[in-house]
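Chemist: Annotation comment: TrEMBL describes 9-78 as domain 'Bacterial bifunctional deaminase-reductase C-terminal'. Annotation comment: TrEMBL describes 45-62 as transmembrane segment.
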Amino acid sequence: KIHFVNESPVNLIKRLREENGKGIWICGGANLIQQLAREDMIDCYYITIIPIILGSGIRLFGNANQAIKLRLLKTQSYNGMTDLIYIRR
């Protein structure tokens, strides 16, 4: 199922973690990642490399306060793009 919500991502994750069920999958861009990473709420990162050079834009991780140690779990290439799947160490 896909659900659209109108609440902060951090509050949404906190609320969903209190419910029964499986993992939580959230798809978004740099702003979303920065909010959740700042609160230490991401266990697995799916990063897709799309070969387009923009020249400028929003940094994916912004200015992180601390290092996030990751381990590469899997890579997959398709249609000229590459998915990188990392889990936290």
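From the backbone N, Cα and C atoms, a Cβ is placed for every residue, glycine too.
TrEMBL labels come from automatic prediction, so no person has curated them.
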Chemist: On the 0 to 100 pLDDT scale, where does the domain 'Bacterial bifunctional deaminase-reductase C-terminal' (9-78) sit on average?
Modeler: 89
Chemist: Under DSSP, the domain 'Bacterial bifunctional deaminase-reductase C-terminal' (9-78) has how many residues in helix, strand and coil?
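Modeler: Going through the domain 'Bacterial bifunctional deaminase-reductase C-terminal' (9-78) residue by residue, I get 18 helix, 15 strand, 37 coil.
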